[in-house]
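Taking it in order: structure first as structure tokens, then the write-up.
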């Protein structure tokens, strides 16, 4: 997260400190998977050079402040959260009043012209409800507006809200897959129009392909029926222990490494190469990556009036209960939301059954649980609150 925003101009009629000094820790999370390209065998999002990422992120209203990489993934710590770039998966997670959907069209151009991708295989846009939605800017002033924006690109988008919409809830927009090839083409009509000249050349090449290439396409389609294992867990925490949050201020820690060690973040998923940053006067962000392509990311808004911590990882597990315990014991939230996405081939595919049996986790009691089944992924949502003291 970045430094807190000064709202003195926009809140001149209010005398409360929260109105004068506020930062929206809740992130907007956009994850896009591009479809493997038969026309460009070396397609790779990591071909996009740093200056182009810098320009793209200006449209989002954030910037890169740190970078680390390995053979599987490039990880960027941003002024407002994080970006991860793999061969064909792109993740952008931004907090504050950033506008990640504004970079959607520029990203598609870069994916086509530099990386070699012209089709989107899947997309996930999600976020918790904002603490102060009135401070957001278009197209993020409300979930309805975000859905309308994405619907302008996709004919088969679906929007969902899980949890109590008058309290804590979580919004999701994703694509409805499984309708067959014609619907996949229909989904990408807008993308074809956006990159008409570039893609028409590829279409001409594809029309000249012989039976061997058609057989390869069929094999790729068949392979896509059994995707590589994939999963994501998020833990979104609010009302956090002030003594823990104090660690993530310059009054207590002078460096990010000190905050990482003192809080115990380095022990959450051992083996991760950590890239961390401590903001001035407060706030903390970190990315962790491992050689097998797994990542973790944590972002902390420590101010008492609007404290917020998010944890996210794609590490595979058949028992997320232990990880949830480690994370919540580390940060001591008053309440938190857990979401787990897992596809059919993931060892986390039964996460819904596991979380269903986690009625209590230490001093936190589950207040809500919902389960959704999509064409390729299962989603589990649960909300927990600390026992009354």
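Keep in mind that glycine also has a Cβ here, set from the backbone N, Cα and C atoms.
The shown structure was predicted, so the numbers you read here are calculated from the model rather than taken from an experiment.
Per TrEMBL, the features are as follows:
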BINDING   23, 80, 279, 303  substrate binding site
ACT_SITE  81  active site, schiff-base intermediate with substrate
MOD_RES   81  pyruvic acid (Ser)
ACT_SITE  95  active site, proton donor
ACT_SITE  285  active site, proton acceptor
ACT_SITE  299  active site, proton acceptor
When you look at 23, 80, 279, 303, which the record names as binding substrate, what is the longest CA to CA distance in angstrom?
16
Return the single residue from the binding-site residues list (23, 279) that has the minimum number of other CB atoms within 10 Å.
279
Proximal residue to residue 23 (substrate binding site) among active-site residues 81, 95, 285, 299 (C-alpha distance):
95
The residue listed as 'active site, schiff-base intermediate with substrate', number of other Cβ atoms within 10 Å:
28
Report the member of 80, 303 (the binding-site residues) whose C-beta atom has the most other C-beta atoms within 10 angstroms.
80
Sort the recorded positions 81, 279, 303 by C-alpha distance from the residue listed as 'active site, proton donor' and give me just the closest.
81
Please report the number of other Cβ atoms within 10 Å of the Cβ of residue 285 (active site, proton acceptor).
28
How many Å separate the Cα atoms of residue 285 (active site, proton acceptor) and residue 80 (substrate binding site)?
8
